[in-house]
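What follows is one structure encoded as structure tokens, with my remarks underneath.
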């Protein structure tokens, strides 16, 4: 293969807290979210080519488009219309699962294509999706606005996360439509100095989309109950617009044992929360 081939990693994006604080006149929702990344994700390989192509492989490839409907393809068209590249996406994250799989893939594609094509990634990546700028940033951050305002947060304490999806896809538009209000209070100022104080801070936050997502997919409530009952699970919540849920654990052993105790027909994985 060409020495110019790019191989990149697209880690899962997790909204540990997600407040919906308003709706703009153009229809976009204003968000305030603590976003982190987990040590599990998709992989993307890009090689120079005359024409643009996308091959989707991996254990979560079913149902993922391999054409212009895919955010990876859209990222290429947005960055440099008409340029060619052969892209292979190895899918490990659930499609439409609320953990930014498509956005993380698009961000990885932008980095790789910029390298292959020797171009810069311009501002405005939120045009591809609200989560794309934060996935380009790739570090723990407070995300506000329509995903375009990124603020630094205190260093995260070491922790592990168990991610669970019971096989449900929850359309983001339907979740927003089902919300009773979209003018909720913002996040409290991020402040913590260890795992326990971080959990205290999290308890003061919400996912404003969780209730409406559960009305669309009641199994989300079942997943959260199963997570809460696991030994060592210190905090549970739904990520993004659903339907992936998470549990936070202090140690790898606790997270691993918890993951092993969940139904085998669900998508379940455990990983460290990436601190930088």
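Every residue gets a Cβ built from N, Cα and C, even glycine.
Remember, predicted model here, so these are calculated numbers, not experimental data.
According to Swiss-Prot, the feature active site maps to 13, 131, an assignment based on sequence analysis. If you look up Swiss-Prot, you'll see 94, 95, 96, 97, 98, 99, 100, 101, 102, 103, 104 marked as ATP binding site, on the strength of sequence analysis.
The DSSP secondary structure for residue 13 (active site) is strand. Residue 96 (ATP binding site) sits 12 Å from residue 13 (active site), taking the CA atoms of both as reference points. Shown are the binding-site residues 96, 104; the one with the most C-beta atoms within 10 angstroms of its own C-beta is 104. Look at the Cβ of each of the binding-site residues 94, 98, 100, 102 and count the other Cβ atoms within 10 Å; the largest number goes with 98. In sequence order, the binding-site residues near residue 13 (active site) (Cα within 10 Å of its Cα) are 98, 100, 104, drawn from 94, 98, 100, 104. Report note: the ATP site is defined by 94, 95, 96, 97, 98, 99, 100, 101, 102, 103, 104, and the residues of the same chain whose CB lies within 8 Å of the CB centroid of those residues, excluding them, are 12, 13, 93, 240, 244.
Residues near residue 131 (active site) in space but far in sequence (CB under 8 A, at least 6 apart, same chain), listed by position: 13, 100, 103, 104, 147, 240.
In this structure, residue 102 (ATP binding site) is part of a helix by DSSP. Neighbour density for residue 13 (active site): within 10 A of its CB lie 27 other CB atoms from the protein chains shown.
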